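*Asks:* Supplied in structure tokens, the structure appears directly below.
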Amino acid sequence: MAQSFANEHDPAKRAEERGHVGTIEDVESGTKEPYIAEEPISAEAARALIWKQDKRIIPLSAAIYFLCYLDRSNIGNAKILNAATGNDLLTETHMTNYDYTIALMIFFLAYGLFEVPSNVLLKKLHPSRWIAILMFSWGAISMGLAGAHNYATVTVVRFLLGIFEAGLFPGLVYYLTFWYKTEERSIRVAFILASATLAGAFGGAIAYAVGHMNQAHGISAWRWLFIIEGAPSCVSALFVLFFLPDYPETVNWLSDEERELALRRLRVEGSKGLHQSDWWKDAKSTLVEWRLWAHYLIYFGISTPFSSLSLFTPSITAGLGYDGLQAQLMTVPPYAVAYVVQILVSWSADRTNSRGLHSAASATVGACGFLASAVLPAEAYLHRYGCLIVAAAGAFACIPPLLGWLSSNIFSTASVGLAIALNIGLGGAPGQIAGVWIYKADEAKKGYPTGHWVNAGLLFFVAVACVALRLHYGFRNRKTVRETGGIEGVRLFKY
């Protein structure tokens, strides 16, 4: 049935039947694909369809990632929660700061290893089923951390958590390519990723509240934190299974006209949900394309600041003169500001079709925030707190345009899924592993200069690399236009 449905809505097949056949040339491979030469799509009809999709997809996807990020990063809150009374994670599990860092690193090791297989399974099992499985699993595992009493248990559970959380973010970015055109993705990735900044803000507030539950029913507050924040993921998995739409071809809340419109819109720039591609052929071309490795290297540069802020913001604020539960509460403003900036930058990047330069500008702002934090005196608490807010805003705002830029410059369904997973697995995971080492516990009184210097340097690298890759794409496009005599029917690189 699925196959017949796919054939019915296959653009090439319908083009041949109607006799309205044109071709679109792939600037990368030189291959040509048939398409239907139909009337231009009405802007009003497209807006109505996009809004209908948005209501079903974006809030639910953002909520899923909110819970994922909450369960991933709460170990940073647990580390210092009620430390003054000896009821924190490190004390009760007899872990050193080095042990804690290893436990963080193990998570990202699993994260890097399982992202590509997870994206393959997302396509095979359908998004709603696979994401629901991931969600229930990571929620249960996060709750299991509440029962940890030693270093070995914490490390093993964090590895398992990394396995099941690995597939979510690259999966969601891949998932959006089934529904949205390239110029529509960055802002939607931003709304999803921005839920991580909300999770960071709410995580601090929740930890502050849960801290007052210390020893309730004989259970330490950090254990309550894992239970309270893991349970919603398990419960929500059932909701996701039934309400997350898979593909435009399969949903029943689109009319026949809307479904046809959705498929027409994505004929060139979208992934095909029921399309059976030559996966190995696409995979080989993806693996050997050097410009994609440039994207992965850039993503490595942004991943270290992202992970270090995610895991060490409570520790950083604790080193800024805020003690105990107040340190948890002071993690809220940096994430709140980052949320707003992230949305605005991504909206502008999509509106101007200039993702590379927006990422470069955001990275520069973040680098300046970290640089100022590194050179200011350790006792300049208020100024360094302001710099932390600037650094977080710049670092987080850089990511959605980068991911939108990558996905808009890949031209087959299999390649999109693989490249996104490789970007976050080969680029993101090593960067995030590096991020767990740079904020050294013995530098707390000095203001963590090593962490700030490393993040500043990496963000300056990201800015320069984005500009260089943007110039390369411009050169390639001008060359293609000269060789073809015009841009009609030729697929060019996006900026």
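Each Cβ is built from the backbone N, Cα and C atoms, and glycine gets one as well.
The compositional bias 'Basic and acidic residues' annotation in Swiss-Prot covers 7-20. Taken from Swiss-Prot, the feature region 'Disordered' covers 1-24. Annotation source Swiss-Prot lists transmembrane segment at 102-122, 130-150, 159-179, 189-209, 224-244, 292-312, 329-349, 356-376, 386-406, 418-438, 449-469, citing sequence analysis.
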*Asks:* Would you kindly list the residues that approach the transmembrane segment (224-244) from elsewhere in its chain, counting only those six or more residues past its ends and only Cβ-Cβ distances under 8 Å?
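*Replies:* Contacts of the transmembrane segment (224-244) (Cβ under 8 Å, skipping residues fewer than 6 from its ends): 56-57, 60-61, 63-64, 67-68, 70-71, 74, 77-78, 81, 127-129, 131-133, 135-136, 138-146, 203, 206-207, 210, 213, 216.
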*Asks:* Hey, does the transmembrane segment (329-349) touch the transmembrane segment (102-122), meaning at least 3 C-beta pairs closer than 8 angstroms, sequence gap 6 or more?
*Replies:* no
*Asks:* With the transmembrane segment (356-376) as the reference, find which of 189-209, 386-406, 418-438 contributes the most Cβ pairs under 8 Å.
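*Replies:* It is 386-406, which has the most Cβ pairs under 8 Å.
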*Asks:* By Cβ distance under 8 Å, which residues at least 6 away from the ends of the transmembrane segment (159-179) in the same chain are close to it?
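*Replies:* Residues packing against the transmembrane segment (159-179) from afar: 53, 57, 61, 64-65, 68, 71-72, 106-115, 117-119, 121-123, 127, 130-131, 134-135, 137-138, 141-142, 145, 185, 188-189, 192-193, 246-248, 262, 266, 270-273, 403, 407, 413, 416-417, 420-421, 423-425.
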*Asks:* Looking only at the recorded stretches 189-209, 386-406, 418-438, which one has the largest tally of CB-CB distances under 8 Å to the transmembrane segment (292-312)?
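*Replies:* Of the candidates 189-209, 386-406, 418-438, 418-438 scores highest.
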*Asks:* Sort out the residues at least 6 away from either end of the transmembrane segment (386-406), same chain, that have Cβ-Cβ distances under 8 Å to it, and list them.
*Replies:* 173, 182, 185-187, 189-190, 193-194, 196-197, 292, 295, 298-299, 302, 305-306, 309, 313, 316-317, 320, 333-335, 337-338, 341-342, 344-346, 349-350, 355-356, 358-359, 362-370, 372-373, 376, 419-420, 423, 452, 455, 459, 462, 466, 494-495
